[in-house]
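Sharing a structure below in structure tokens format, with a few things to ask.
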Amino acid sequence: MQLLNLGLLLLLPFVAGEIAPQPEPLRAGPSDIVPGQYIVTLKEGLASAQIREHKKWVSSVHQANLDSFAAGASGVETVGIMKNFHIHNLNMYSGGFDDKTAEDLRRSPDVKSVHPDQHVYLAKTVTQPQARWGLGYMSSKGMPVPLHSTLVDYLYDDKAGEGVWAYVLDTGINVDHIEFEDRGILGHNAIPNKPHTDEFEHGTYVAGIIAGKTYGVAKKANVVSAKAFDTGSSTYNYILETYDWIVKNITDSNRKNKAVINLSISGAKYQPFDDAVENAFKAGITAVVAAGNDGKDAKNNTPASSPNAITVGAVRWENTRPSLASNYGKIVDIWAPGELIKSCWKGGNNATSTQSGTSAASPHVAGLVAYLMSLENLPSPSAVTARVLNLTIPNLVKDAKDSPNRVVYNGIQERKFTLPKNTK
């Protein structure tokens, strides 16, 4: 049985000025599995005609099993194939199947894997007053900055992500928040019978760190809401649908070199979604992902373990891992601000909140990617990753454990760009 399924990362509250103790990570028990629902991954290299024939076969096998005694064994109502996903060379589908059909699928020569779908849980978020150190850290070469100071300068080129799109797979975004001006876009809502609004606040907070006019790293980037979570849970059925939509939208809009996906989500390793992130990379699309908040090696987390995503750990203002225990390990590519970070919030079009977690660290780096894309010709995700890592400042994190020890930096003090009169 796998551990907790992919969920939004914990944004931790503060109580009496201190970080609230983090609850033990949830473990996936039988109740986390969606009964009778599966994610099926097909083998690479199948022709379109083979895929069509496979799905016809699935429909016939499913119907035959429904008509048999075996179909009722699980006591679960089944519906057959539900949704189809195509990300670069990866073909997948979700479906509701009885136990016999699921076993038949596993034996099919066309099928790479059959995974039970799983519930995805949202972590609770509550509030702590103010902090503004994170942006100053981005341009300070990793030097410790005053925690509550509003005087820390954030230096950046005023192109600031202009002409770049940041896709936020999350709980939705309040695109009417004043921080987004006219740059917020409602993209895709995978949650049935729910409005395309942020009812949980996580997505709006993340988007504000990427592109808010006050709190954002890339203050002129567009943010696209891709809602895969509601106020309590989701499943990979919705997450894969949303990721599939994002990849298609980026591709169809000819934005591959001007788009970044932020995934402030984490859970136990789940290969179908890691495969989706990897195939989007092969298609030319950059993803930035959170390392997770379990205080463990991130190699066992999805999507942190996706080999070509940019995996982000969280640091405090004095270059230590937060007391909320950011994940670590060789899979962590970079460290970014992740404690006491102020950004947009729900509850009004000018609402703000201060939160902590690798959910906050990941959008700092996604914002940096958008910023660099607006300034430089970065022709591929590999070039983006190389540029981000080449700018990092080494050997500053005091407790990086087995992780590469490099913190985020936007390169402004070296005047890597032609910008003197455009610098803010």
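Glycine too: its Cβ is placed from the backbone N, Cα and C atoms.
As the structure is a computational prediction, the values presented were derived from the model and not from experiment.
The signal peptide feature in Swiss-Prot is assigned to 1-17. The domain 'Inhibitor I9' annotation in Swiss-Prot covers 37-123 and rests on sequence analysis. The domain 'Peptidase S8' annotation in Swiss-Prot covers 132-424. The active site, charge relay system annotation in Swiss-Prot covers ASP170, HIS202, SER359. Residues or ranges marked as N-linked glycosylation site in Swiss-Prot (evidence: sequence analysis): ASN249, ASN262, ASN350, ASN390.
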Which one is it, among the recorded positions HIS202, ASN249, SER359, that lies nearest to ASN262 (N-linked glycosylation site) by Cα separation?
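So, spelling it out, the nearest of the recorded positions is SER359.
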Any same-chain residues 6+ apart from ASN350 (N-linked glycosylation site) with CB under 8 Å of its CB? Would you list them in sequence order, or say none?
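In sequence order, the residues whose Cβ lies under 8 Å from that of ASN350 (N-linked glycosylation site) (at least 6 apart) are HIS177, ILE178.
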How does the model score the domain 'Inhibitor I9' (37-123) in terms of mean pLDDT?
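Summing pLDDT over the domain 'Inhibitor I9' (37-123) and dividing by its length gives 88.
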Distance check, please: Cα of ASN249 (N-linked glycosylation site) against Cα of ASN390 (N-linked glycosylation site), rounded to an integer number of angstrom.
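Checking the Cα atoms of ASN249 (N-linked glycosylation site) and ASN390 (N-linked glycosylation site) gives a distance of 29 Å.
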Which of the three DSSP-derived classes (helix, strand, coil) applies to ASN262 (N-linked glycosylation site)?
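Where ASN262 (N-linked glycosylation site) sits, the three-state DSSP reduction gives strand.
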Measure from the CA atom of ASN390 (N-linked glycosylation site) to the CA atom of HIS202 (active site, charge relay system) and give the result in Å, rounded to a whole number.
30
With DSSP helix as H/G/I and strand as E/B, how many residues of the domain 'Inhibitor I9' (37-123) fall in helix, strand and coil?
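Once the DSSP states are binned, the domain 'Inhibitor I9' (37-123) shows 32 helix, 32 strand, 23 coil.
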If you count other CB atoms within 10 A of each CB, which of ASN249, ASN390 wins among these glycosylation sites?
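The most densely surrounded of these glycosylation sites is ASN249.
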Secondary structure at ASP170 (active site, charge relay system) (DSSP, helix/strand/coil)?
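Note: ASP170 (active site, charge relay system) is in a strand by DSSP.
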Using Cα coordinates, what distance in whole Å links SER359 (active site, charge relay system) and ASP170 (active site, charge relay system)?
10
Measuring Cα to Cα, tell me the gap between ASP170 (active site, charge relay system) and ASN390 (N-linked glycosylation site) in whole angstrom.
29
